[in-house]
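Accompanying notes for the structure given below.
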Amino acid sequence: MAATAAYLPLRAQAQVGLAPLRPSGSAAAGARLPGRTARRRLAARGGPEAAGIRAEAVPGGGGVARRAAMVPPYNVLITGSTKGIGYALAKEFLKAGDNVVICSRSAERVESAVTDLKKEFGEQHVWGIVCDVREGKDVKALVDFARDKMKYIDIWINNAGSNAYSYKPLVETSDEALMEVITTNTLGLMICCREAINMMRNQPRGGHIFNIDGAGSDGRPTPRFAAYGATKRSVVHLTKSLQAELQMNEVNNVMVHNLSPGMVTTDLLMSGATTKQAKFFINILAEPANVVADYLVPNIRAIPTNQSMKPTYIRFLTGLKAYSRIFSRIAFGARRNKYVAED
């Protein structure tokens with residue numbers, strides 16, 4: 001969070017679960033966003049392009065001689081997507097006309113989420129399955145399920161994460177809570193990336209993987225949830241390492257990116273709204289999941305639309321936006337008590 005050091009009080013961002021903020025002129029490295037009319041026309045085309053495939057020769061590719069360029073509608077898989085930002089992302093992709101597979105550890109939440117989404121977007125565009133990302137067999141089954149329903153996965157978003165809903169010093173944290181956080185956020189992420197790459201590298205159209213960051217991913221301390229911050233620091237490192245491995249192995253049709261939703265008013269964030277300082281920054285900087293997803297999804301979709309295979313870090317809460325909100329609060333009292341009572 002290099003851009004926030006000048007204005008955030010000591011440890012403030014860690015206390016509220018704030019992800020890294022950096023000024024950015026364009027969240028998707030200048031990617032152009034396709035208009036809705038253009039997307040509808042692409043989706044309505046016949047032949048191979050209706051399925052999102054347009055043949056394009058590329059060199060190398062780790063044994064893949066040709067890469068089929070992606071066009072909308074896209075096939076999307078999101079882990080941890082029955083509530084919060086994951087569910088909101090699923091809705092936005094469906095609004096754009098894409099096909100989506102959601103998953104969760106809870107069979108009840110999967111059933112409920114799929115039922116609600118099918119009512120709104122139709123039976124043929126969304127599916128769900130129970131999956132514990134900590135279990136390799138579950139993630140392999142998830143891939144098989146997605147392949148059966150959609151044939152390809154164009155966009156895989158690793159959103160599943162946990163802080164065990166525990167905000168306390170490490171010395172007071174139980175073994176069970178530590179295992180919950182580390183196995184979900186680190187082991188689970190690695191398993192998902194492994195299976196996503198193995199599938200996508202053998203697809204004619206390749207694919208894009210997005211790893212969601214969180215507080216601690218920039219290396220700043222996260223007191224009271226040190227384990228969570230340590231796992232999120234590893235997200236950025238893992239993404240860079242996978243990018244390097246793909247390049248070394250001449251896999252030209254798969255790319256791994258980072259995705260930063262900033263502060264989202266989910267159960268995960270709000271469970272930490274226990275101090276005056278935490279409440280202050282949540283009110284100033286946080287946004288509901290649907291607002292964040294409405295911004296992120298077009299920027300995510302712009303990457304395959306522009307046939308880009310460059311690594312991208314998409315951020316919702318930039319440094320400039322944070323500066324502006326903090327100034328408005330100090331000068332005009334804006335957003336006081338917006339989500340939680342401060343007085």
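Glycine too: its Cβ is placed from the backbone N, Cα and C atoms.
The feature active site, proton acceptor is assigned by Swiss-Prot to Tyr228.
Just so you know, the Cβ of Ala90 (NAD(+) binding site) picks up 29 other Cβ atoms within 10 Å once every protein chain is counted. Positions annotated as NAD(+) binding site by Swiss-Prot, on the basis of similarity to another entry: 78-102.
Annotated transit peptide per Swiss-Prot: 1-54, in sequence order.
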Field: Per-residue Cβ crowding (10 Å cut-off), top of binding-site residues Ile78, Leu94
entry: Ile78
Task: Please list residues from the chain of Thr82 (NAD(+) binding site) whose Cβ is under 8 angstroms from its Cβ, counting only those at least six apart in sequence.
output: Ile102, Cys103, Ser104, Ser106, Arg109, Val110, Ser112, Ala113, Gly128
Statement: What DSSP gives for Asp98 (NAD(+) binding site), in three states, is coil
- request: Give the helix, strand or coil assignment DSSP yields for Thr82 (NAD(+) binding site).
  value: coil
Message: List every residue in the same chain as Gly86 (NAD(+) binding site), at least 6 positions away in sequence, whose Cβ is under 8 Å from its Cβ.
response: Ile78, Thr79, Gly80, Ile102, Ile157, Asn159, Ala160
Nearest of the binding-site residues (Ala90, Leu94, Asp98) to Tyr228 (active site, proton acceptor), judged by Cα-Cα distance: Ala90
Task: Let me know how many other Cβ atoms fall within 10 Å of the Cβ of Tyr228 (active site, proton acceptor).
output: 28
